[in-house]
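Read the structure below first, then the notes.
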């Protein structure tokens, strides 16, 4: 999600370095970043932050990390975390391909990919967050029993992701081509999810593991 540039964004984030990190200095210190040692779930591409903040509030027994490379967008998530005093949520402004520089092998229990950029042009396929290059990153940081939960309104990206994950050897389950047709009570909608669902787009979802 692109927002108007805020020249003061980095200074704002630095003032809240107890919950947000804008560099790669957290390697080997992720566990110490939280108040309690608990399973860690991450969302790659947190956008405006509704999903990750609501998940953290609903599941205090889990530590959450929202990953959003756009510092201007990250401001919104920090504001929500501070205003609502969400203690089991931390935030990182890094690119997804650098996750192995942040997390140790097997350190993460679940990865959420919600409404990622579909990068529709074939020449941009390697930028899709379900491309095999990213799957290798996820495989490294996920626990052996860890899972990826993926949601998108983009049918082409969903089909591509199924093919990419299957070709990589991943096991897929709970494939849903119309999530909102019989929406689970525990489904937390992102801002994008509401937007596209209201426009009549079907929401696709799946779970996968290595």
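Using N, Cα and C of the backbone, Cβ positions are placed for all residues, glycine too.
In the three-state DSSP scheme, residue 95 (S-adenosyl-L-methionine binding site) is classed as coil. Long-range Cβ neighbours of residue 95 (S-adenosyl-L-methionine binding site) (same chain, at least 6 residues apart, Cβ-Cβ under 8 Å): 69. Among the features that Swiss-Prot reports, S-adenosyl-L-methionine binding site is placed at 43, 68, 95, 117.
Residues or ranges marked as active site by Swiss-Prot: 117. In this structure, residue 117 (S-adenosyl-L-methionine binding site) belongs to neither helix nor strand by DSSP; it is coil.
Sequence annotations record features per position, and here Swiss-Prot assigns substrate binding site to 121, 153, 190, 191, 192, 193. For residue 121 (substrate binding site), the count of additional Cβ atoms within 10 Å of its Cβ stands at 8 [all protein chains shown].
Taken residue by residue with DSSP, residue 192 (substrate binding site) is part of a helix. When secondary structure is read from DSSP and collapsed to three states, residue 43 (S-adenosyl-L-methionine binding site) falls in the strand class. Taking all protein chains in view, 20 other C-beta atoms sit within 10 angstroms of the C-beta of residue 153 (substrate binding site).
The separation of residue 43 (S-adenosyl-L-methionine binding site) from residue 191 (substrate binding site), Cα to Cα, is 14 Å. Neighbouring residues of the recorded S-adenosyl-L-methionine site, listed in sequence order and excluding 43, 68, 95, 117, comprise 44, 45, 46, 47, 67, 69, 70, 96, 116, 129 (Cβ within 8 Å of the Cβ centroid).
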